[in-house]
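Student: Features from TrEMBL:
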DOMAIN    6-150  domain 'Flavodoxin-like'
BINDING   12-17, 59-62, 97-106, Asp132  FMN binding site
DOMAIN    205-445  domain 'FAD-binding FR-type'
BINDING   Arg349, Arg381, Ala382, Phe383, Ser384, Gly415, Leu416, Cys417, Ser418, Trp595  FAD binding site
BINDING   Thr459, Ser514, Arg515, Lys520, Val521, Tyr522, Val523, Gln524  NADP(+) binding site
Amino acid sequence: MAARRLLVLFGSQTGTAQDTAERIGREAKRRHLQCTVEALDSYDVANLISELLVVFVCATTGQGDPPDNMKLFWRFLFRKNLPSGALCRLDYAVLGLGDSSYPKFNFIAKKLHKRVLQLGGNPLLPVALGDDQHDLGPDAVIDPWLVALWDKILMLYPLPPGLEVISPDVRLPPKYTLHYVAEDSPQPNGILLQPTAPRAAPSELCPFAALVVSNQRLTAQSHFQDVRLIEFDVTGSGITYSAGDVVMVQPQNCPEDVQQFCQLLRLDPDRRFVLKPTEPGTALPALLPQPCSIRHLVTHYLDISCVPRRSFFQLLSCFSTSELEREKLQEFSSAQGQEELYSYCNRPRRSTLEVMWDFPHTTCAIPPEYLLDLIPRIRPRAFSIASSMLAHPDRIQILMAVVQYKTWLSKPRRGLCSTWLASLHPEQGDVRVPLWVKKGGLKFPSDPDTPIIMIGPGTGVAPFRAAIQERVAQGRRGNCLFFGCRQESKDFYCQAEWEELVAKGFLTLFTAFSRDQEEKVYVQHRILENRRLVWELLSSRNAHVYLAGNAKQMPAAVAEALQSVLQLEGGLSPSEAEEYLAALERSRRFQSETWS
């Protein structure tokens, strides 16, 4: 009989695809399958030809891009020299996670499914396309698809004689066991950072401890939004970057939340432990020192401020000693209870820590070794770099809006990373932030004579500040910026800087202050007003166009304005204008980076 082995490979940017992959892994274990769950780029892709059963779970990011932890796999899979029957032994299924408000909805899952099919793979099911926009989120698609998947898999790999599917009420063993160490054992070196020159370029596994040099509020105190310009010193890190690149920051939980969490679970924050994998071959969490203190685990690793997913409630219900709490947790983790879970958790953005407060009897019964199964790790946050090394050697600057908003919960919701960074001040002494740099999605032209049109409302202007600084340092003119915000007096970021560059002839600036007059004016209106210049730059001077900012309505409105320019000034028909813009995108003369 064929080995009952399942491989689950995921490409995840925000953690949802990883959470879904781990759910499939747990369900596989309940069906007595040997199962490995791994990020696509951690897996040796050369072994794929010998695999018999694989489930791919992958998200689509940005403008139809693969997540960071599957980029190497993606490049390998689309190599021209792969033979068409390379994967003829493979039974596979693809589950995609996306957002239908983006034009390239689930593009990566669709393309992956098609490519594996081309290489001879045998699909068990049609590709599943989970959608964040659905009232019940991606689970509306995932739940029925998984039922069909297990039916198919159990037909191919029936349960061994005498074995039944393990009931969801039975608790599976934790991924790691936790062993407390004696008080007098040697202390670890603490946080895994490199304040001195590293051996290799800083990365997620080895971030650089950058000194916070300045933290300046750019918006007026009376303005509803707090936007900061924060500068880090990266001297000795070996970090280099270009305009368009991104800095990744590893945030941490605030001491008050850490203290509350430890009190709720009756944990001694100073107690130290080592982790041991339950199953041989399971790697230990790379970002945790061994031994590690409870305080370090909760401060730097467990994401207690995130909105918990359905899997959290499922596992939590297994620990409940209170019948009332257990019933509610089981309801939240059932397919029928998803609307109620959405109303309780997602709509008001209730955090993991707040949920634990609501289920006190269950929370204090959580065995510490299950914490790493229950709560995901804190993910790094990405910021467009807003400075150039040519203008600011050994420095990285970011433009950051502090995330804070109200829901019907009494306490305002705050972004973990932006709140933490905003609280750091150089006058407090040696304040350091773990960070590293990665290539961004925007690439600026190398030809010094190519003009650039940049459309960056709000903090979308960050990568363009880097590009302008870089180009000005190289003596390049032909920089045209469309900037939009609410009010000139309150949130016109870097106003003096832009005005100085305009006076020196390095910058052409068009501003749209949406609330400074009765009629709202946005960047798309300014593009239309200046259509002759935009058309001249595009048609006669081979200009490149860049767009960055919020992904809601702005990108579509800007695309519409650009098409109107092509029709009114270039004399193109609507369909020709659409094709012209699509051709600019294909040739990378129109690039965008948007976020939700």
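Backbone N, Cα and C define each Cβ position, glycine as well.
Keep in mind the model is a prediction, meaning the values are calculated, not measured.
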Student: Across the domain 'FAD-binding FR-type' (205-445), what does the pLDDT come to on average, as a whole number?
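Tutor: Over the domain 'FAD-binding FR-type' (205-445), the predicted model scores a mean pLDDT of 95.
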Student: Output, ordered by sequence, the same-chain residues six or more apart from Gly62 (FMN binding site) with a CB under 8 Å from its CB, or 'none'.
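Tutor: In sequence order, Gly441, Glu593, Thr594 meet the Cβ cut-off.
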Student: Look at each of the binding-site residues, Ser12, Ser384, Thr459, Ser514, Gln524, and point out the one with the fewest other Cβ atoms around it within 10 Å.
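Tutor: Result for the binding-site residues Ser12, Ser384, Thr459, Ser514, Gln524: minimum number of other Cβ atoms within 10 Å at Ser514.
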Student: Measure from the CA atom of Ser418 (FAD binding site) to the CA atom of Arg515 (NADP(+) binding site) and give the result in Å, rounded to a whole number.
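Tutor: That comes out at 26 Å between the alpha carbons.
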Student: DSSP helix, strand and coil counts for the domain 'Flavodoxin-like' (6-150)?
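Tutor: So the domain 'Flavodoxin-like' (6-150) is made up of 58 helix, 35 strand, 52 coil.
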Student: If you measure Ser418 (FAD binding site) to Tyr522 (NADP(+) binding site) at Cα, how many Å is it?
Tutor: 26
Student: Within 10 angstroms of the C-beta of Tyr102 (FMN binding site), what count of other C-beta atoms is obtained when all protein chains are considered?
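Tutor: Tyr102 (FMN binding site): 20 neighbouring Cβ atoms within 10 Å.
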